[in-house]
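Database features (TrEMBL):
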type: ACT_SITE; residues: H263; note: active site
type: ACT_SITE; residues: D317; note: active site
Amino acid sequence: MSATTVNIARGLEDVIFTESSLCYIDGDQGKLYYSGYKIQDLAEYSTFEEVSYLLLHGKLPTRAELKAFSAALVAERALPRSLIRNIKAYPKTAHPMSALRTAISELGMLDPHEDEISPEGLYQKSLSLIAKFPTVVAAIKRSREGLSILAPRKGLSHAANFLYMSTGKVPSKEETKLMDVALILQAEHGFNASTFTAIAAYSTQADLYSSIVAAISALKGPRHGGANEAVMKMLAEIGSPERVSSWLAELQAKKGRVMGMGHRVYKAYDPRAGVLNKYAAEVAAKHGHSKEYAILKEVERQAGAIYNPKGIYPNVDFYSGVVYSDLGYGLEFFTPIFAVARISGWTAHILEYTKVDNRLLRPDSLYTGKLDVPYVPITKR
Ligand code: ACO
């Protein structure tokens, strides 16, 4: 066998390893559905609680079901005291994704039933993680800023409470809607690198926390969740809309990549970027953060002319950063916000995988090394 006779699925592209009814992506048409519902409809009419219910249960909730589900999330929001104490002691210089990874690992250690994998146990732990992620991220943010860590507020929705715990202010309806939209758009996306990593870890029957820690680690990279942070760094590097042309020429010369553009699956405009573009435009018009938005529009126009014909378009991360900054988050918190959203998708996939397949993931590689090499004792090498 050689690389020419074996078909190597580099990057696992187009490899189908299981079935799922959670998410359908039509990458050529730029369409995305969660459990059959168009992402645009969910972003416009739904809330993060409703979308999390949809992902965990495969159907939209009735009023009574949503009320009970939301109450169950509220009941799970608070963190153990010892974790809050430890978060305060984390180095302020650590990246918040590293802090999040550590905090979720600690949550696992603090759960006396960490290893429980019964369907009910898994579901309950999933709810608990969805509820606690915003509390953990807000605590990390406030601790880094030298501010007191705030307890969750019962009367607020998931999105509003996350904003409140992060900023200390009860958000307006408009801010809450913006956070809801951002969380809904990033809640699920099939077998991306972090979800696949979660399933790979879970397929060994590692516990849920360990699988989620693995997913957080995969999300951190700039080719995945870290891209939204990289977009804001790119904007700072460009500096002004007038500089886009020369910056782009330099980027092309060094064969660099435009952050927030391109996608393994979408070869058309990412529909999530379309929704965020609309909200980012409104935010930019209202609050005057128009410089970043103006640069993005110019990058989209000029880079689009070069890259769109190759199927490279803005992805969800292109506009998410300007929305998050407007909501009061520094750029190192963009990926943690992504994680606050994606915890619903990660847990929903794990719950689904236990029912559909539950098989150990174990791919193979084409061996290119030597065989039967004579062993030479160390004294003779
Ligand atoms: N800018 C310029 N060129 C690009 C870009 C880009 N953003 N993305 C891909 N290309 C080019 C590559 O240079 C390569 O060109 P070549 O064939 O001449 O060498 C070609 O397109 C194919 O690139 P691959 O990396 O093989 O394609 P892949 O499908 O793996 O790309 C990826 C997906 C990694 C996301 C890529 O588009 C990228 O690096 N984008 C920038 C980072 C980013 O925005 N990531 C967020 C993804 S969305 C998410 O995770 C939520």
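Cβ from N, Cα, C; glycine included.
Around the Cβ of D317 (active site), the same chain contributes A227, N228, A230, V231, M259, G260, each under 8 angstroms and 6 or more positions distant in sequence. A simple way to gauge crowding: the CB of H263 (active site) has 23 other CB atoms within 10 angstroms, across all the protein chains here.
Secondary structure at D317 (active site), as computed by DSSP, is helix.
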